[in-house]
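Record features, source Swiss-Prot:
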- R86, R96, R117, D201: substrate binding site (BINDING)
- Y124: site 'Important for catalysis' (SITE)
- K170: site 'Important for catalysis' (SITE)
- D201, D225, D229: Mg(2+) binding site (BINDING)
- G258, A259, A260, F261, D262, I263, A264, G265, K266, N267, I268, G269, N270: NAD(+) binding site (BINDING)
Amino acid sequence: MGFTVALIQGDGIGPEIVSKSKRILAKINELYSLPIEYIEVEAGDRALARYGEALPKDSLKIIDKADIILKGPVGESAADVVVKLRQIYDMYANIRPAKSIPGIDTKYGNVDILIVRENTEDLYKGFEHIVSDGVAVGMKIITRFASERIAKVGLNFALRRRKKVTCVHKANVMRITDGLFAEACRSVLKGKVEYSEMYVDAAAANLVRNPQMFDVIVTENVYGDILSDEASQIAGSLGIAPSANIGDKKALFEPVHGAAFDIAGKNIGNPTAFLLSVSMMYERMYELSNDDRYIKASRALENAIYLVYKERKALTPDVGGNATTDDLINEIYNKLG
């Protein structure tokens, strides 16, 4: 089974890390005979300046026909690109791994957590308005359908990992909305994996105190946004964290970090988060096709990255090295065989 990928370079360091990473994508296609076609589309700040839209209609036409979206970091127009794409294609699951990389020292030891965040509801639904002068109201939307749906995603991941799920909420205060989310998680998860619940403030503290206690965390949109950034930093660095936005018909893969305009054009941007997002993309392709070539490609790319970090010979300044983007890309490329 082949795939068409809409490739968005993004802004800031995005065009550098994406364009320089293309040779790795091409090599993996060749090594594993992957039938993947990449089609570049414009989106983000540069598209906004050129066309008056961060997500131009012509780009949307290409994205609509593509199977998967792969993007670099987008600048100030990120909400007009990523949030809009999530809404258009109902990409309801935000998957954020927080996994230690060999060669990056942290005081937390080996961390391997997967945060499964509901991506379409909660306060981020955007239902807010001014009631009167000096008074604003935001509506928190939680439905049983979306809550059960994200719990099922968490279950599927947990069954392939350590079979442990923590549902994170704040039902002791938000008894109705968070209570509904917790009830939905219980109905899907209890009895099928090692299941527990934790209030979000306790989860934030326990991530710092003992991150090894977590395997898969299933949570709401706002809590997941905050906890996933915290977990990524605990695992080593927010700057090397990948992510996926997954729906039934479309998926988007992107680095967690921003566009880093301050280092754009200096050839020191770190492509690791983008490349780990590519590894996640191959994993998704395997799930959709059941073609072993994709999972082999995913593991090979991840292993190549880990080998380079373990040797610490070509790391960029953000992770304690003095190498360039090109240096790191070259080392990963060579490790692929």
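Don't overthink the numbers, they just go from 1 along the chain as shown.
Cβ coordinates are placed from backbone N, Cα and C, and glycine is handled just like the others.
Known features from Swiss-Prot, placed on the structure.
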residue	record	DSSP (3 states)
R86	substrate binding site	helix
R117	substrate binding site	strand
Y124	site 'Important for catalysis'	helix
K170	site 'Important for catalysis'	coil
D201	substrate binding site	helix
D225	Mg(2+) binding site	helix
G258	NAD(+) binding site	coil
A264	NAD(+) binding site	coil
Most crowded position, judged by CB atoms within 10 A, among R86, R117, K266 as binding-site residues: R117
Closest by Cα to D225 (Mg(2+) binding site), out of the recorded positions Y124, D262, K266, I268, is Y124
Per DSSP, R96 (substrate binding site) is which: helix, strand or coil? strand
Between the Cα atoms of K170 (site 'Important for catalysis') and D201 (substrate binding site), what distance do you get, rounded to the nearest Å? 8
Report the largest Cα to Cα distance, in Å and rounded to a whole number, among the residues R86, R96, R117, D201 that the record lists as binding substrate. 27
Roughly how wide, in whole Å, is the group G258, A259, A260, F261, D262, I263, A264, G265, K266, N267, I268, G269, N270 that binds NAD(+), by largest Cα to Cα distance? 16
Same chain, 6+ residues apart, C-beta under 8 Å of the C-beta of I268 (NAD(+) binding site), given in sequence order: T316, P317, D318, T324, T325
So if I draw a 10 Å sphere around the Cβ of D225 (Mg(2+) binding site), how many other Cβ atoms end up inside it? 18
CA-CA, which of the recorded positions R86, R96, R117, Y124, D229 lies nearest D262 (NAD(+) binding site)? D229
Would you please pick out, from the binding-site residues D201, D229, D262, the one with the fewest other Cβ atoms within 10 Å of its Cβ? D262
Among the recorded positions Y124, D229, G258, K266, whose Cα is within 10 A of the Cα of R96 (substrate binding site)? D229
What residues, ordered by sequence, lie under 8 A Cβ-to-Cβ from A260 (NAD(+) binding site) and sit at least six positions away in the same chain? G12, I13, P73, G269
Residues near N270 (NAD(+) binding site) by Cβ (under 8 Å) yet at least 6 apart in sequence within the same chain, in sequence order, are I17, G239, I240, H257, T316, D318, V319, T325, L328
